[in-house]
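Asks: According to TrEMBL, the protein has these features:
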type: DOMAIN; residues: 12-92; note: domain 'Cadherin'
type: DOMAIN; residues: 93-203; note: domain 'Cadherin'
type: DOMAIN; residues: 204-309; note: domain 'Cadherin'
type: DOMAIN; residues: 310-385; note: domain 'Cadherin'
Amino acid sequence: DLTRVSNFQLHSNMDRGGGNVRYVLTGDGAGTLFLIDEKSGDIHATKRLDREEKAMYTLHAKVLDRTTNAELEPDTEFNIKIHDINDNAPKFEKDIFFASVPEMSEVGTSVATITATDADDQTYGNSAKLVYSILQGQPYFSVDSENGKPNTAGSLPGMDREVKENYQVVIQAKDMAGQMGGLSGTTTVSITLSDVNDSPPRFANHSFRVTSVESTEIGGAIGRIKADDPDVGRNAEMEYSIVGGHDIFNIITDQTTQEGVIIIKKVISFLSLMSLFFILYARFIHGLQFKDYATVKVTVEDVDEPPVFTRNPYIIEVHEDTAAGSFVGAVSARDPDADNKPVKYVMRLREKLFNIDSVNGTITTLKSLDREMSKWHNISVVATEISEMCFYFFNSFLTSFQKHADFSEKSIYFR
């Protein structure tokens, strides 16, 4: 029978040693990868065999009579199995992996699933038995050495994203069960701490000053307030509320800048409200009342408004036989900006029949009136604030005067 010997030699019982037989090899790689000495039956490989390329070869051997070429025995099939040696280092799928874990996570929190592979024989020896270790990233992260999951890393207590957000962790996989002489491969895991809503909003200043003019319309913005939150994204969204003063003011959040925009809810007057203090706070977190308070002082600036007459129009009845210089009526106007502020009265046009006292607004006749000449007389009076600047008479320099003083004009009808 054809037998296989340890040194890759085939031998037949028909071979008496006289050179009367010839050995022939067929099958996987015969004649190219495997050659046989037809006299001795020795088989040798023409190049180094790589188990990772092909682990087993199936061959057929024949023994022939050297003279007649007749088969002395039936074909015999045999297999050549390539034994593994540790010639492959562990490899990770990528040179760098990206992962994230929430900040403040408990020790042992899973980060990612990252394993290495070894092309050596998993069932033979320790060539493909891997042990994992961490080369960089301690003491913040660790790796399970046996199950090949460097994702089971845990952060130390107190890992705060606001202090440090990114960590570079280097993982090593070593074969031969980690023994000396084993081959190794490494990869880097870039770990980002994801944000947890753990930082309350804070005002950089706890006292703000806002200025508004009394002419600001309802719904108009008069100022912006900003609280800082080290968190990011939705965790940094602000909500502001007014504790006092909400009957006059409201505050809304600018979703782009997260600033609090103070707006007017009703008309404010300089005389009735020169300044107002109110308190606002930023929103709560995690259902807990994490708030920060700030005081806001709103100063209302005066807008110079023209005097206002008490009536509009004035209708005064005068007898036609009233003598020149007689009192016929009076007009009155007040300055909305200050009740006690003096007002000066001037006829709108040069008037030939009537005169007005510039201080008290009393109207007198300059000459006697004739009903048959005219039943009605329409005159206009201008009330102006008295300021420190030089006062120009309206009847001569009206256009120039308008540049220096606010005024109101009312009509007066005489009959």
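Each residue, glycine too, has its Cβ placed from N, Cα and C.
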Asks: From the DSSP assignment alone, can you count helix, strand and coil residues within the domain 'Cadherin' (310-385)?
Replies: 0 helix, 32 strand, 44 coil
Asks: When DSSP states are grouped into helix, strand and coil, how many residues of the domain 'Cadherin' (12-92) land in each?
Replies: 0 helix, 34 strand, 47 coil
Asks: Restricting to the domain 'Cadherin' (310-385), what is the model's mean pLDDT?
Replies: 85
